[in-house]
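Participant: Okay, handing you the structure first.
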């Protein structure tokens, strides 16, 4: 391993935003669509489907969307019009703060910094990684040709304010230091098709994951150049004796990329999105284009749980699909916890802000939402 590796000895810190209270309303949600109008809904006061707010700024369909983790009510969105829009839902009638122009093609994704509310990042088909300073609404850094093709996704680290990860059509995942963005710190090659989503782990500072059109979700560990050392260097729990963060590195082929910690292969179609559970280490929910949602967990050895889909032994458990999501532990009878009809009309999705009351109670009780 390299002594200069910024992720060696890295783990979840006490200042992790996932473990602290967030100034943003916990019941506020949002979504984006091909419709240039952004809609928001407050379900604590409005039980109808009509939006509470309509945020107008884009002239073409939207793709990326991200709340500011520091400044309550601030929202960033991206679209086909090459624009990055900053909204403030607290300013009635003046929701659009700024329209940022630096991209030369479709802007696919955006992310706010977890530690600095004035710093944002956007990526697009122009292969640019753009870092924004929203205090002056100006671009402070541009990485040209960051990938060899379109860039689809990005995410700021929730443990290191200077690190941002990107994924693209070229199948690679890249990690950048915004203090010196001209050089890529890591290039992670393991996917066979385009990378559709990336996210840092909220529990381990050196761990991130990526999903791809190759039907895989890969978990990466940047803390060392070699994964887990030799077979003899592991203790009785399967954790490398060289590991300084307590991360098990079983189930990883020594012939694969050294940073590849785990690969989930339970899906049968492109994995378009996923999310780490902020309260349960290694638990991930992932969804594919065939409308199948899987909730699974990386385990030691053969894995804590059994993989759903058509494959077994990768480390997960299938919990149903979008229309009838079910959750079950081993030897338990499946219980439906969520039923939702898929009434989406292509080309007419919007940014929606929802507020749900007693969500945890409803989920545990198996009630229909």
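Keep in mind that glycine also has a Cβ here, set from the backbone N, Cα and C atoms.
Feature list, courtesy of TrEMBL:
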type     : residues : note
REGION   : 1-55     : region 'Disordered'
COMPBIAS : 1-13     : compositional bias 'Polar residues'
REPEAT   : 144-186  : repeat 'WD'
REPEAT   : 188-230  : repeat 'WD'
REGION   : 227-250  : region 'Disordered'
COMPBIAS : 232-248  : compositional bias 'Basic and acidic residues'
Participant: For a three-state summary based on DSSP, what are the helix, strand and coil counts in the repeat 'WD' (144-186)?
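Facilitator: Within the repeat 'WD' (144-186) the tally stands at 3 helix, 21 strand, 19 coil.
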Participant: How does the repeat 'WD' (188-230) divide up by DSSP, counting helix, then strand, then coil residues?
Facilitator: 0 helix, 19 strand, 24 coil
